[in-house]
Each structure stands twice: as C-alpha cells, then as structure tokens.
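Have a look at the structure below before the remarks.
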C-alpha cells in the first residue's frame, strides 16, 4: 500500500467557462414599486407553491426587508451575483457575508442557518436508505456540498454493510486545479469506522467532469488498497457544474 499522496491535477483538462450568474426563472417582473398583489412573492407562494418563485424571490422572502436605504431585491440580486447560484451559497460562511451591505448580522445568520438545514436534511435522507440503490440522492448531496466550491475538495462517504451512510468526511482540500490525496489515510479511516464500503468524490472547480490521468491513477490505487482490507469502493464521482462523472458507470477506466 503506497504511503505517498496521489496528486489530482485538473490543469491538463479543457476547462469550461463558468456559467452565468443565476437568472430569474419566474415570469413575474421584479420592478420596485410596480408589484401587483398577485405578483407579490409571498402571495404567489401561498397560491401557487414555492417552486414558481425565482431564486431572487426566495431570498427576498427569507430576508423580509433590507436595512434602511437598501432595497431587499437589490440585496438578493447582489447575493446571487456574488455566489453565482443558490448551490454555491450553501458553502458560504459568515465571513463571506461580512462586507455585504443591506442586511444585518441577524439576517446573515438566518441565511446560514437555513443553508445548513438544507445540507443536514440531505444527509438525514441518505442515512435512512441504501446508497447503492440511491445514486441520485448521493449525487444531489455532493453537488450541494462541493459542486460550487472554489477549490478542489475530496469527500469520502463511509457505508455500513447495508450500504447506509456512517459518516461523510472531507478527506482532502486543494487549490483550484490540484490536491494531494493520501489513500492510506482513507483506508485507515475506513477501518476505524468499521466501514464495509466507500463512495469517494471530488469536484472540478472548472466545471468540467472529464477525469484527468491523476484521477484515474488515484481511483485504481484506492480501489486496490481497499480490496486488501475487504472494503468495496462503490464509486468515485467527479462533480462538475451541471453534471457528474461516475467511474463505476463508465466501467472503471
């Protein structure tokens, strides 16, 4: 079993241009002072459901109002422009909101609390089901957890004998294009958690999901190392902006 780190390097991949900032998805106009009652976000949510609202409108309902002199819709748009998407906002910390004008500490912490609730609800759902039979749930969770991160993150999902989640951990962090992953440490962690199987994943901040040569080397090294302790590597997922690459579905190239 090798001691050295496997370096994941995305630099040799063709990078995709970052997607545009989140756009309005609902048809109602967001023009200050020109709202009809039936176009108000709160009324539309009550009458039609939350799914009809745009990302901006959802944030507006959470914020309620801006500070004096700051329109709440402008604040919501600024948030989306800064992070690019609601998904990317899930990874925000209080520091990321520190210089944001228009909302105070109470609203900033409220936003962070709601985002954390979304993450935890996904983890709870995964703990109650066999992840072997729920690949979509795993991919959705990983998109939310690491899909919008500006640096490469390597995540390990340790599973029990019934393929239920024991723990999800960030095993390594890197830069925009590379990171060092130590297979030996992941194997040790699998042993300490008495895991029967494992799903690993990492993101490509460029948005492209095609695995690099180093991604393939790491996958084979980790798979061989886990086989020695009778732990199955179920899959290695590469998380991009809008898609996911599965080594298992691709036949473990």
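Each Cβ is built from the backbone N, Cα and C atoms, and glycine gets one as well.
The annotation domain 'MPN' is assigned in Swiss-Prot to 131-253. Here the domain 'MPN' (131-253) returns a mean pLDDT of 90 for the predicted model.
Here Swiss-Prot flags 202, 204, 215 as Zn(2+) binding site, drawing on sequence analysis. Residue 202 (Zn(2+) binding site) falls within a strand segment according to DSSP.
For 202-215, the entry in Swiss-Prot reads motif 'JAMM motif'.
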Checklist line | Three-state composition of the domain 'MPN' (131-253), taking helix and strand from DSSP | finding: 41 helix, 38 strand, 44 coil
Notebook entry, point to check: Looking only at Cβ atoms, how many others are within 10 Å of the one on residue 202 (Zn(2+) binding site)?
Noted result: 28
